[in-house]
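Novice: Per TrEMBL, the features are:
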DOMAIN    1-189  domain 'Calcineurin-like phosphoesterase'
BINDING   8, 10, 49, 189  Mn(2+) 1 binding site
BINDING   49, 84, 156, 187  Mn(2+) 2 binding site
ACT_SITE  85  active site, proton donor
Ligand SMILES: [Mn+2]
């Protein structure tokens, strides 16, 4: 018995509002179906954010229908939970996965139906639960009792301190139920493998493509792809299969050597470009003394020869000037920490109110935002 774990495919995502990025994401999804068929896995499990939005573009739905039909033809079942991205934003809306389920292309586990038996492997799964539902989620998890270690739990949550969502997690590691052989988690986009006390394996497949710039470091280190869980030996083993995605590189350019830096980058990338199947995306960090924006922009144009898209990700030349009179928020910490520091130190919020604001910023579900705002206003 071999099960392929994939997560956070984000079909319909248009990074930088570019057509080619939307197509890249579809292409990566096609590769995953190819891998599943070639590897002859017995099932595929998907731990959420199948689509980038609850109401995905028609094209995303079409790609999903076409690709999942290929899986079905090979009689490979797909068991899925929903993530925060594809969950309904209002109570009356439905999961887009329901359309796929209607066609018999997947089995969606949610709050009513959270169990599926795949031969002798027990699979439990709960779709994403927002912060306001954390206590109910914990109660549900407490009741989950797998009958053996040949069991998988599927979640799409922030888990402290395992996943660095400092202020927006719904679970502590100690809330995770005991007795499972493997707990697979979506939501976090880097690949992580972690063994808990008691031997349960936490397996995070990450996203099979680069969905945000925050994933660059993890991508350089561990690449992107899917995980195969293999039950052919007494203890399950896991191995990774990489997806062949468009490369994304972080490059530093010094404004004091603008021409020289751009030229050497073009030379370097020209030699690399044959290795890549797709032209890379460049995330540029500007260093040096501030220079006219128009001068910089015109010089950077050279880079379009060796990249599909480039962008100034960070401009450290003007950073110093702009922050001269602002109170200090340490720039090295995570985005969550910086927002928290700003709210507490600069805007003088209490820590608990700052946490609420942060969860409102991250919450996509309108009903949840409404509940959080009521709490913030002291109405609940
Ligand atoms: Mn995601």
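One is the number of the first residue shown, and numbering goes on along the chain from there.
Placed from the backbone N, Cα and C atoms, the Cβ positions cover glycine too.
Automated prediction, rather than curation, is the source of TrEMBL annotations.
Each of these features: where is it, how hidden is it, and who are its neighbours?
Specialist: Within the same chain, residues at least 6 positions away in sequence whose Cβ sits under 8 Å from that of residue 8 (Mn(2+) 1 binding site) are 47, 48, 49, 83, 186, 187, 189, 205, 206, 207, 208, 211.
For residue 84 (Mn(2+) 2 binding site), the same-chain residues 6+ apart in sequence whose C-beta sits under 8 angstroms from its C-beta are 48, 49, 128, 130, 156, 187, 364, 365. In the three-state DSSP classification, residue 84 (Mn(2+) 2 binding site) falls within coil.
For residue 85 (active site, proton donor), applying a Cβ distance below 8 Å and a minimum sequence separation of six or more within one chain yields 10, 48, 49, 51, 52, 53, 54, 364.
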Novice: Averaged over the domain 'Calcineurin-like phosphoesterase' (1-189), what pLDDT does the predicted model reach?
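Specialist: Result for the domain 'Calcineurin-like phosphoesterase' (1-189): average pLDDT 94.
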